[in-house]
Structure formats: C-alpha cells, structure tokens
Amino acid sequence: MANHCKSKEKIANEAIKRALRSLRKRHLNEEGAHDAAFASLSRPIVSQGSEWKEKAESLQVELQQCYKAQSRVSEQLVVEIAESRTLKALVQEKETAVADLQKELTEARDECMQLKKDLEDKIKSLELILSENAELKTQLEQMTIRAKNAETENKTLVDRMMLEKMKDAEQLNEANQLYDDMIKQLKASGLEKLARQQIDGIVRRSEEGANIFLESNIPSTCKHRLQAHEGGCASILFQCNSNKLITGGQDRTVKVWDTDSGSLISNLYGCLGSVLDLTITNDNRSVIAASSSNNLYVWDVNSGRVHHTLTGHTDKVCAVDVSKVSSRHVISAAYDRTIKVWDLLKGYCINTIIFHSNCNALCFSTDGQTIFSGHVDGNLRLWDIKTGKLLSEVAAHSLAVTSISLSRNGNVVLTSGRDNSHNLFDVRSLEVSGTLKAAGNRVASNWSRSCISPDDKNVAAGSSDGSIYVWSASKGDIVSTLKEHTSSILCCAWSGLGRPLASADKNGVVCIWT
C-alpha cells in the first residue's frame, strides 16, 4: 500500500512539472508572436500610431494580467498539492488509529465476556450466600427464642437468689443484734477491753498503745522502690492498722505488698479495666476497686477471688470508698455524672445521686451518714446518704477537684485541685482553715490523690515532676521534699500506724518512704 501511494505521488509530480513547462513554452510563444505583430504594425501605420499604440498598451496590460492569473493558478496548484499530501498523511494516521481502536474493541469484548462470566459466578455465589443467610436467620430466631427463655429463667433465679440474700441479711442482722447484746453483757461484766477488740468488724489497738501507733514521722528516705505495675499505678492504700500495701494499676491487677521487706504477697485478678481507685473494708477482708470498665470489683482478700461485680454505671468509675462505721455500705462515682450507694450484703445499688458535674473523688464521713464529693467544676459537695439530698456546697478550687481525704478525727477534710493548691476545710463550718502550696508542685491528673498523716499533723502530695511535698498542716510550710520518682506522681498514702508513706507514679513505680 505504501509503494502504491509513492507511485501515485511520483506520477502527480511529473504531471505538475509537464504542466509548468508547457505554460512557460506557451508564454514564450505568445510573447514572440505579439512582438512580431507590434513590429509589423509600427512600420506601415504611422498615421494611426497613437490609436494603435493605445491598443498595444491595452493588450500589453491584458497580457500581464494573464501572466499574473497564470502565476496565481500555479501557486494555487502547488498549495493544493501540499494539502493533498497532508490529507493523505492524516488519512494514514486515521487508518492506523482505526486499526488500534478495532484491536482495543476486540480486547474490550473479550474482557466483557470474562466479566459477564465472573458476574454469573458471583450471582450463583450470592444466591448460595442468601440461602445460607436464610438458614442462619432461622437459626438466629430459634436462638433468640432460647435466649428469651433463658433470660426468663435467669430472672427467676435472680429473684430467688435475692430472696435468699434477704433471708441471709435478716439472719446476719439477728446475729449482729445477738453480738451487740453479748458485747453489752461483756462490758457489764468488766470485760470492756476484750469487747473493744472487735466492734463492727474493726480491729482496734489498745488505748495504751494508740498514741504510739498514731504518731507519724516525717519521711526522708526511700526504703523500697517497687516496679509494681505495667503502665501507671493510679491508686494505693494501706490495710487498716497494718503495713501491708495494696496497689492497683493500668495492667488490670491489684497487688498486696509487704512494705517491711518490699516483697509481693498476693495478686488479685479479675478486673476487666484499669484500676482507678481502691478502698478496703475496716476488717481488711474485702478490697473494692473502681475500674475504667464501668464496674466495681469486690475481692475476698484471703481467697483472692472476686466476690462481687457491681454493675450499674455507664462510664468509667473513678472513685470509691467504704463506710468507716461498717463494712456494708460502699459509695462510688463515675463519669456518667452519678454517685451510687451500694449494699455489699445485697450486692446491688440502693441509691443513685445524679448531678450535672462529674465527680472525681469522694469519701464517707466518720459517722457514715454523709458523703463528701469533689467535682470537675471545682466544688466540694456534701450529700445525705439516706435521702441523696445535697446538704451543702462550697467552691473549693478554681479548677477540678482531684482528691478528698478526711482526717482521722473527722473534723478536717483535705481537697486537692488542678489549680495546684491543697485546701484544709473545717467540716463543721466548711471554711478553709489552711491552704498548702509549693512553687514546684503541679498536680498531674484529674485523679491525683493526696493524703493526711494519721496524727493529722502533715499532708503529703505528689507533683508532675516526680517530687513529693510534705507540709505541716498547722503551719502550712514544707517540712520535707522527697525525690526518687522519674515520672508524674499519681497518688500518695500514709499507713495508719504512722509509718511508712507510699507513693506511685505513671510508670507503675511504687516507693516506700520512712
């Protein structure tokens, strides 16, 4: 095809050349013919010279116009030949493009056929899945019916269990009444010292040694440095009248330590979230943990097993405390803007207090009738445990309250806030009796816990720089600064025996100070 096009182009070029030669030849012939005519006419016709001269000039002009027209025709012919060549090249490109498009069309048809085949396979698979889904739906309906039946049976069993618990509670109340009567008889018979050793499950020290155990020392030395938990350790506390320390961390474990030797005594497992706060009953039998899993967990310390899982909160539980009068009532605060009162004997919530500001910390009064709560809005509030009514409210801090601690005599409550101040309130008047601050003291989190010494003379609080500051509660000046931690302090706790002091940080390290 290419050779054919070249031959056509060659023939056209030759034809153009012949036409140009013939035009030149014709032009020369005509010019010679006219020259002879002019010469012949100029000689005989002298009389009519001007008239013929004008005609000759006119013919000369017409001849020039003919030459110009001929030149234009030649140029137009050359342009048309060039355009013809361009059109031929464009036609060749179009033919090549058409061939490529035909090839792509063939490939697209093949791909379309493959896709159609794949679609048919998918449709068959979908029909199979729909069939299986229908079968699963039928099975789900059957399982739903079974689940409803099981739920009905479970409700019946729960009702029976609650009835049995109520019966057990009545029997326990009768036993407590008999116990109280026995205590009265023992007192009447002169055995007051023996009766004082067990009242409401609280193990008490003898009056002769009480001052020795309540006298607190100002710590200065780190006795033990324990890698207690993986991640932060948000809560620590001592067992009542004991040097055993209980810690809870982000690794979802609760651990019991011997602070004398620094050794681990036991682990309490079963918590499904980070431990944010801890408390222990006065008889040291049960440990209660507030968790980020929205639940509270109650362990039996001796067996290490979870005795209760208290459910009801809808957000993380950040604070918990147990009554100082008995080991029955527990209070908890969560970020669902509720404070709940629990009965451990019954195992469920008996009262709920709802408030617009989340509660970060709380504690019982010494008589067990009032709840102290510290909130995100910086206020300290007092609640009646029986009615759930707000008894009093005071602006404790300019930012969120992070900690609440009650003095041993119950007359002073310590609050700590994100404004990096620690205030001592007189419980009776709710007036500030002292404010403790330090230049380098920075409260690390919304749940940073401070503490009061058992003799109510000193206050300890941790800082975000890893330091622990100890103030004199009466004078308000710093009596000791402890440095051993390398990360922010989350909590401090003082042993009820007066020593030691314990602290925990965001890396899970616990330090024992003497």
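Keep in mind that glycine also has a Cβ here, set from the backbone N, Cα and C atoms.
Bear in mind that TrEMBL entries carry predicted annotations, made automatically and left uncurated.
Copied over from TrEMBL:
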COILED    84-189  coiled coil
DOMAIN    47-173  domain 'Autophagy-related protein 16'
REPEAT    226-267  repeat 'WD'
REPEAT    268-309  repeat 'WD'
REPEAT    310-352  repeat 'WD'
REPEAT    361-393  repeat 'WD'
REPEAT    394-435  repeat 'WD'
REPEAT    453-481  repeat 'WD'
REPEAT    482-514  repeat 'WD'
Model confidence over the repeat 'WD' (453-481) (mean pLDDT, whole number): 94
Can you tell me how the residues of the repeat 'WD' (310-352) break down into helix, strand and coil by DSSP? 0 helix, 24 strand, 19 coil
Across the repeat 'WD' (226-267), DSSP yields 0 helix, 24 strand, 18 coil
DSSP helix/strand/coil residue counts for the repeat 'WD' (394-435): 0 helix, 23 strand, 19 coil
Same-chain residues at least 6 beyond the ends of the repeat 'WD' (394-435) whose Cβ lies under 8 Å from its Cβ atoms: 214, 360-367, 372-380, 382, 441-443, 445-452, 454-456, 459, 461, 471, 473-474, 476
Per DSSP, what is the residue tally for the repeat 'WD' (453-481) in helix, strand and coil? 0 helix, 15 strand, 14 coil
